[in-house]
Amino acid sequence: MSVIQSILLGIIQGITEFLPISSSGHLAVIENFFQINDGEGLLFFAVLHLGTLAAVIVAFWPDVRRLFVETLHILGDLFVNLKNFIHNKTRQDALRYRKIIHNNYRKFAVLLWISTLPTAVVAILLRDTAAQMTGGLLGPGIGFLITAAVLFVAHAAGDGENLPREVGMWTALVIGLGQGFAVLPGVSRLGVTMTVCLLCGFKRRFAVKYAFLAGVIPTLGSAVWELRSGAAAGLGWGDFGVFLVGAAAACLMGLLAIRLLVQLVEKRRLQGFAVYCLLVGLGALCCSFLFL
């Protein structure tokens, strides 16, 4: 892979990962176009995912830092409560338990972890199907059409008022289930997650933030899995420097795309992305049938 190809794919990844138009679908189409081999593509796309993950962490650093700290505090309080429970049972005492969720960020952290569980389950179940769909243009084409329909729904969704304190655990599970289906090429994780959030009555800015942050753990897990699979298959790292250039391009473009999407969602201007996905999906299907 050349440096130019790496930068081009990094730019495409950065834009499509953080705009609701499916990075996996675009990369699947381009992988077929450039005829990137499976081994090279596996490692390269894993590195690109780490680049886009860095963009989310930078863009939402105050939230990421606070969520990380609150998660550690939650684990600490759970440990103290367990110790107090054992103490009370063995000594017939009445030590008080700590309240686990007592602020918005703790509730937010719990919701994100709950969303992660069904995402992981669905993604694992659909992993083989997704791999088969990536091998041609038919699968991504269908995925793009699904994304288009989802975005039309998001554009029509009303303005909610829900913040973390109003969101229930079942809502987080539903969001996680929807996010899991984004493992299929052409289906936008961001688009699906954001749409489910809006349909559940989230405030538009909070829906965008939730959609971005809900993808941090799945993206990291996916990248680690791809890197591990590549290493297990004995794939070389000779182009790793070239891959890092692509990751840097993905990170920089991702930061710009995040800022743009937040503004567009607040102004209810998602129909353009829906039309784009519709056209790309139809184009991919036409090419698939023409070149059978």
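Note that Cβ sites are derived from N, Cα and C of the backbone, with glycine treated the same way.
TrEMBL entries are annotated by machine, without manual review.
According to TrEMBL, the protein has these features:
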{"type": "TRANSMEM", "residues": "42-61", "note": "transmembrane segment"}
{"type": "TRANSMEM", "residues": "108-126", "note": "transmembrane segment"}
{"type": "TRANSMEM", "residues": "138-157", "note": "transmembrane segment"}
{"type": "TRANSMEM", "residues": "169-187", "note": "transmembrane segment"}
{"type": "TRANSMEM", "residues": "207-225", "note": "transmembrane segment"}
{"type": "TRANSMEM", "residues": "240-261", "note": "transmembrane segment"}
{"type": "TRANSMEM", "residues": "273-291", "note": "transmembrane segment"}
Out of 42-61, 138-157, 207-225, which stretch has the largest tally of CB pairs under 8 angstroms to the transmembrane segment (108-126)?
207-225
Contact between the transmembrane segment (240-261) and the transmembrane segment (42-61) (at least 3 Cβ pairs under 8 Å, separation 6+):
yes
